[in-house]
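Summarising the annotation, Swiss-Prot assigns N-acetylalanine to A2. The N6-succinyllysine feature in Swiss-Prot is assigned to K4, K10, K90, K121, K135; the stated evidence is similarity to another entry. Annotation source Swiss-Prot lists Cu cation binding site at H45, H47, H62, H119, citing similarity to another entry. According to Swiss-Prot, the feature region 'Disordered' maps to 53-78. The feature disulfide bond is assigned by Swiss-Prot to C56-C145. Taken from Swiss-Prot, the feature Zn(2+) binding site covers H62, H70, H79, D82, and the record attributes it to similarity to another entry. Swiss-Prot lists S104, S106 with the feature phosphoserine. Feature annotation from Swiss-Prot assigns N6-acetyllysine to K121, K135; the stated evidence is similarity to another entry.
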Amino acid sequence: MATKAVCVLKGDGPVQGTIRFEAKGDKVVVTGSITGLTEGDHGFHVHQFGDNTQGCTSAGPHFNPLSKKHGGPKDEERHVGDLGNVKADKNGVAIVDIVDPLISLSGEYSIIGRTMVVHEKPDDLGRGGNEESTKTGNAGGRLACGVIGIAP
């Protein structure tokens, strides 16, 4: 059973980063940094597939094995892959420090082999008042992505 994972984020533009995942009890700690972003919030999600053959688009929708509507990371109604937003500073750097009780590195909610995506816009956490909000949080385009793999 994997207890650690890593993801290298890359895209067509300047956005890049490294994200690490570590299982701690019944939660997963997500840490790392992303550079090349515009200042402000950016949606941050685990997507269904580990397929990046057509860039980040082929990663599919948010990882949602429970068939729920999109929400924030602290919401009862959320996709497993809904990790909310990362916040970039004026230098375009986002420091990631998330503890999530729903994602896992093993079992039915395992994110191993799936794609981590950082988005162009803020995630409205499903509160945008339209259909797209309940699917994607209106987070916009996919700036960078990478497949989550087992780490030593």
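Start at 1 and count along the chain as shown; that gives each residue its number.
Using N, Cα and C of the backbone, Cβ positions are placed for all residues, glycine too.
Note that the coordinates shown come from a computational prediction; the quantities given were computed from them, not determined experimentally.
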Greatest C-beta neighbour count within 10 angstroms, which of the modified residues S104, S106: S104
Cβ packing number for C56 (disulfide bond), 10 Å threshold: 23
Secondary-structure category, per DSSP, in which K4 (N6-succinyllysine) falls: strand
Spatial neighbours of K121 (N6-succinyllysine) that are distant in sequence (at least 6 apart) but have CB under 8 A: H42, G43, N138, A139, G140, G141
Chain-mates of H45, H47, H62, H119 with C-beta within 8 Å of site centroid, Cu cation: G43, F44, V46, A59, P61, F63, G81, D82, V117, T136, A139, R142
Cβ-based isolation winner (fewest other Cβ atoms within 10 Å) among the recorded positions H45, K135: K135
C-beta crowding around H70 (Zn(2+) binding site), within 10 angstroms: 29
C-alpha spacing of S106 (phosphoserine) relative to K90 (N6-succinyllysine), in angstrom: 36
Residue distribution over DSSP helix, strand and coil in the region 'Disordered' (53-78): 3 helix, 5 strand, 18 coil
Cβ-Cβ neighbours of H79 (Zn(2+) binding site) (radius 10 Å): 27
Protein Cβ atoms within 10 Å of H119 (Cu cation binding site), excluding its own: 24
